[in-house]
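Visitor: My questions will all concern the structure given below.
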Amino acid sequence: MVNHPPLHVVAFGRPGSGKSSLAERLGEAHGFAMVRTGVLLRDAVRQGDALGRQVEALLAAGRLVPDDLAYEVLARDLSALRHNRLLFDGFPRTLGQVPLMARLEQAVGFEIERYVEIAVSPDEALARMGGRRVCPTCAATYHLRKSPPKAEGVCDRDGTPLVGRADDAPEVLGVRQAVYDEHTGPVVEHYRRTAPDRFVAIDGEQPFEEVSRDLERALGLS
Ligand code: AMP
């Protein structure tokens, strides 16, 4: 097992920015443990546990779950965060979650070294949405045009038939953009302002390979 130097990253990007596909690629290539609140929350819904029952309708509507529940889904398995390379995809997502991230850093004993924004205009993001497919078994993300699976309709890793997401329904896509602008945009601005030496924005409108390369460079990984 390679012993990587510590690197803890938070990735931001509006729905349709390609953030999750980029994060996945980076995670696989550079040994990051992925921390994806969206995946953890959807798992809770699938399992039908108490948390899952509370958040199911909000997820399907493309609305954010309350800050304390977003924190709880992370904090209930702190051991998953004891890793010298973590990549947060989907947390913190509101200004109210900024101090909760600080609490998590304290509780686990790590520090975020980089905040990365995958910057894409709202129009481009909307145009890109809709082609996403996910693997219900391992949560791998594909895009029919940009990053299709090798064999049509099935996951490269485990052969599971790919599915769309409830919150990718056309009527929900606009809601998710608006939620990003209202709640997550201010978080990005917060870190851009308060942690300028740890913050980097990447042009997400370039071809996937170039964005991926810029991301690696920004993190000192290439
Ligand atoms: P994602 O897979 O990151 O797009 O997240 C899917 C959904 O999970 C979001 O639309 C929200 O309903 C919920 N969610 C994920 N992360 C958070 C968070 N940090 N705070 C509140 N809701 C979240």
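Just so you know, glycine gets a Cβ as well, placed from its N, Cα and C.
Since we're looking at a predicted model, the values are computed, not measured.
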Visitor: Of the residues Arg25, Arg114, Arg176, only one is listed by TrEMBL in the AMP site with Thr37, Arg42, Arg63, Leu64, Val65, Gly90, Phe91, Pro92, Arg93, Gln97, Arg165. Which is it?
Guide: Arg176
Visitor: Using only what TrEMBL says about ATP binding by Gly16, Ser17, Gly18, Lys19, Ser20, Ser21, Thr141, Tyr142, Gln206, identify which of Arg132, Arg217 is listed for that site too.
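Guide: My reading of TrEMBL gives Arg132 as the candidate in that site.
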Visitor: Tell me the Cα distance separating Val65 (AMP binding site) from Asp158 (Zn(2+) binding site), rounded to the nearest angstrom.
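Guide: Checking the Cα atoms of Asp158 (Zn(2+) binding site) and Val65 (AMP binding site) gives a distance of 30 Å.
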Visitor: Can you check which residues sit near Arg63 (AMP binding site), meaning Cβ under 8 Å from its Cβ, same chain, 6 or more apart in sequence, and list them in order?
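Guide: Result: Val175, Val179.
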Visitor: What same-chain residues lie close to the region 'NMP' (36-65): Cβ under 8 Å, and 6 or more beyond its ends?
Guide: 20, 23, 72-74, 89-91, 93-94, 139, 166-167, 172-173, 175-176, 179, 183
Visitor: Three-state secondary structure of Ser20 (ATP binding site) from DSSP?
Guide: helix
Visitor: Which of the binding-site residues Gly16, Cys138, Tyr142 has its Cα nearest to the Cα of Phe91 (AMP binding site)?
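Guide: Its closest listed neighbour, by Cα, is Gly16.
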